[in-house]
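One structure below.
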Amino acid sequence: MSFLKKSLLLILFLGLVSLSVCKEEKRETEEENENEENHEEGSEMKRYMFHLMDGEAKKRDSEENEIEENHEEGSEMKRYAFGYPSGEAKKIKRVSEEENENEENHEEGSEMKRYAFGYPSGEAKKIKRESEEEKEIEENHEEGSEMKRYAFGYPSGEAKKIKRESEEENENEENHEEGSEMKRYAFGYPSGEAKKM
């Protein structure tokens, strides 16, 4: 029985608390509504005092907006007529300049990092890549030339080099023999021909 009484008292107490909370919320809501109504009445009085009726104020705002739009259209026409960039073009130009500046700063930062850690710069990589490409192109050209020579029966670069070296050796040998002949004649030694006789 005691338990039943305690639970009923607890329920009754909670009901009273919730009722008082609801009354407090209702009173606060009524006060807020009253304050809002007073504010609206005050605003209406101010508008009436300063001759700014709702319709008149809206009319003025629309006229001001129309004047501003006409001014912007006129400015746009002037820019177009005299070749000046519009606000949008200026914005695009400014954005591209900022992107270029950011890219330059990034490249400078990357260059500093490469320098600090001993990595080659983009320019060095580019030069290295170009030289490798040139070597590859030259090798491909040489291979193509070698195939053509083989196909058409022309001597290859190596064969030409060997032939040229043997011709140079023969020429050097002839020059040496002529020089030796001149020396022998100048100093009175018999030549190889004279020795044979």
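Cβ coordinates are placed from backbone N, Cα and C, and glycine is handled just like the others.
Because the structure is a prediction, the values reported are computed rather than measured.
Now, the feature entries from Swiss-Prot:
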COMPBIAS  30-39  compositional bias 'Acidic residues'
COMPBIAS  40-62  compositional bias 'Basic and acidic residues'
COMPBIAS  88-97  compositional bias 'Basic and acidic residues'
COMPBIAS  123-132  compositional bias 'Basic and acidic residues'
COMPBIAS  167-176  compositional bias 'Acidic residues'
MOD_RES   Met49  D-methionine
MOD_RES   Asp54  aspartic acid 1-amide
MOD_RES   Ala81  D-alanine (Ala)
MOD_RES   Ser86  serine amide
MOD_RES   Ala116  D-alanine (Ala)
MOD_RES   Ser121  serine amide
MOD_RES   Ala151  D-alanine (Ala)
MOD_RES   Ser156  serine amide
MOD_RES   Ala186  D-alanine (Ala)
MOD_RES   Ser191  serine amide
REGION    24-197  region 'Disordered'
SIGNAL    1-20  signal peptide
Local Cβ density at Met49 (D-methionine) - other Cβ atoms counted within 10 Å: 8
Rounded distance in angstrom between the Cα atoms of Ala186 (D-alanine (Ala)) and Ala151 (D-alanine (Ala)): 54
Rounded Cα separation (Å) that holds between the residue listed as 'D-methionine' and Ala81 (D-alanine (Ala)): 47
Between Ala151 (D-alanine (Ala)) and Ala116 (D-alanine (Ala)), the C-alpha gap once rounded to whole angstrom: 54
Local Cβ density at Ala151 (D-alanine (Ala)) - other Cβ atoms counted within 10 Å: 8
Around the Cβ of Ala116 (D-alanine (Ala)), the count of other Cβ atoms that are within 10 Å: 8
